[in-house]
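One structure is given below, encoded as structure tokens.
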Amino acid sequence: MGSNSEVARLLASSDPLVQISEDKPYAELWMGTHPRGDAKILDNRISQKTLGQWIAENQDCLGSKVKDTFNGKLPFLFKVLSVETALSIQAHPNKELAEKLHLQAPQHYPDANHKPEMAIALTSFQGLCGFRPVEEIVTFLMKVPEFQFLIGENAATQLKQSMSRDPQAIASALQNCFSHLMKSEKKVVVEQLNMLVKRISQEVAAGNNTEDVCGELLLQLHQQYPGDIGCFAIYFLNLLNLKPGEAMFLEANVPHAYLKGDCVECMACSDNTVRAGLTPKFIDVPTLCDMLSYMPSPSKDRLFAPARSQEDPYLSVYDPPVPDFTVMKMEVPGSVTEYKVSALDSASILLLVQGTVTASTATAQAAIPLKRGGVLFIGAREMVSLQLTVPEDLLMFRACCLL
């Protein structure tokens with residue numbers, strides 16, 4: 001809410017005319033051409049009012065490969081998210097499923113694209129991501145009788161027995177368990193959840209440690225979404241605590257939820273989401289249970305490490321295994337007077353999170369002052385020179401498409 005949100009702080013810093021209301025949520029800052037939030041062009045000398053319109057009339061700015069591969073469209077959507085209340089547990093369909101869902105139910109699935117995404121922490125950031133190792137889930141089944149009750153005796157036994165078998169048997173047992181939970185009757189879920197919350201609250205009041213059953217997180221989620229099935233999903237999914245600069249990559253069909261903190265997020269240009277819980281919105285349980293990737297992995301394997309650039313000591317590159325986007329992080333010390341943002345064969349969007357600079361390029365009519373929260377669109381094959389106008393460290397993120 002208000003100035004507690006990094007989104008609000010970036011907005012207020014970049015635009016002095018913006019008044020932040022302390023009682024209003026500021027959840028997402030979108031930078032891209034998605035029809036639900038096409039970026040506005042601030043320079044009034046440019047006739048087009050939005051980035052989408054400008055790209056449509058200046059196709060070469062995309063770069064030849066990007067233009068041909070993605071039919072003249074910017075392939076990614078860049079965001080800053082500020083999360084105080086957990087976002088829904090969800091997964092995103094692959095291209096094939098997205099096309100099918102969009103045809104069947106366009107009101108729930110607004111486009112036919114896949115939506116792989118990456119979150120890079122700006123502050124301490126907590127999220128759920130992918131299925132936990134089976135041993136961990138089995139331990140929770142033993143320690144949390146309410147969880148075991150919803151899964152049922154047979155599915156729980158099948159999961160325990162699968163541990164000594166091949167990955168296919170594990171995936172099948174895991175799908176069976178998760179589907180049992182998701183298809184539980186609402187009334188039964190509420191009863192079991194209330195019992196669990198009561199028990200954990202008593203433990204906490206008695207000064208006991210409830211870490212072994214994720215007590216603190218369960219109470220927090222139940223407070224935000226009372227009676228929601230998603231509260232039990234914490235026993236299935238890895239809990240990740242990212243430090244600033246750490247990232248997680250979410251390929252198609254991986255269940256995840258963002259719980260708390262601020263992050264930069266980049267994704268394929270889509271708004272398709274299949275929800276599983278922690279939400280008042282539409283939940284498509286059959287689609288969800290069918291589509292998920294039931295591949296358990298330890299939480300450390302879900303971290304996505306950037307590569308340090310060989311040429312530029314200030315540059316780290318987060319390059320996921322999808323063609324749609326890559327994110328670059330630039331941390332430039334304040335002692336540097338000028339930093340060159342290298343030319344790429346791709347359009348890119350640059351976000352200044354920290355620092356004050358003047359940007360000049362061969363194509364801009366005049367130098368562009370940029371401060372915290374400033375966003376710059378850079379055409380393909382365009383080098384930008386940044387003059388540091390204040391000797392403080394720079395932190396920038398740049399989304400692009402490296403085909």
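The chain as shown is numbered from 1 upward.
In case you wondered, yes, glycine gets a Cβ from its N, Cα and C as well.
Just so you know, TrEMBL annotations never went through curation; they're auto-generated.
According to TrEMBL, the protein has these features:
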DOMAIN    1-134  domain 'Phosphomannose isomerase type I catalytic'
BINDING   GLN90, HIS92, GLU117, HIS256  Zn(2+) binding site
DOMAIN    150-237  domain 'Phosphomannose isomerase type I helical insertion'
ACT_SITE  ARG275  active site
DOMAIN    318-361  domain 'Phosphomannose isomerase type I C-terminal'
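Distribution of TrEMBL features across the structure.
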{"residue": "GLN90", "record": "Zn(2+) binding site", "Cβ neighbours (10 Å)": "24"}
{"residue": "HIS92", "record": "Zn(2+) binding site", "Cβ neighbours (10 Å)": "26"}
{"residue": "GLU117", "record": "Zn(2+) binding site", "Cβ neighbours (10 Å)": "25"}
{"residue": "HIS256", "record": "Zn(2+) binding site", "Cβ neighbours (10 Å)": "23"}
{"residue": "ARG275", "record": "active site", "Cβ neighbours (10 Å)": "22"}
| Given ARG275 (active site) and GLN90 (Zn(2+) binding site), what distance in Å do their CA atoms have, once rounded to a whole number? | 4
| message | Please list, in sequence order, every residue of the chain apart from GLN90, HIS92, GLU117, HIS256 whose Cβ lies within 8 Å of the Cβ centroid of the Zn(2+) site. | response | ALA91, LYS115, LEU250, VAL254, PRO255, THR273
| request: Count the residues of the domain 'Phosphomannose isomerase type I catalytic' (1-134) that DSSP assigns to helix (H, G, I), to strand (E, B) and to coil, and report the three numbers in that order. | output: 40 helix, 29 strand, 65 coil
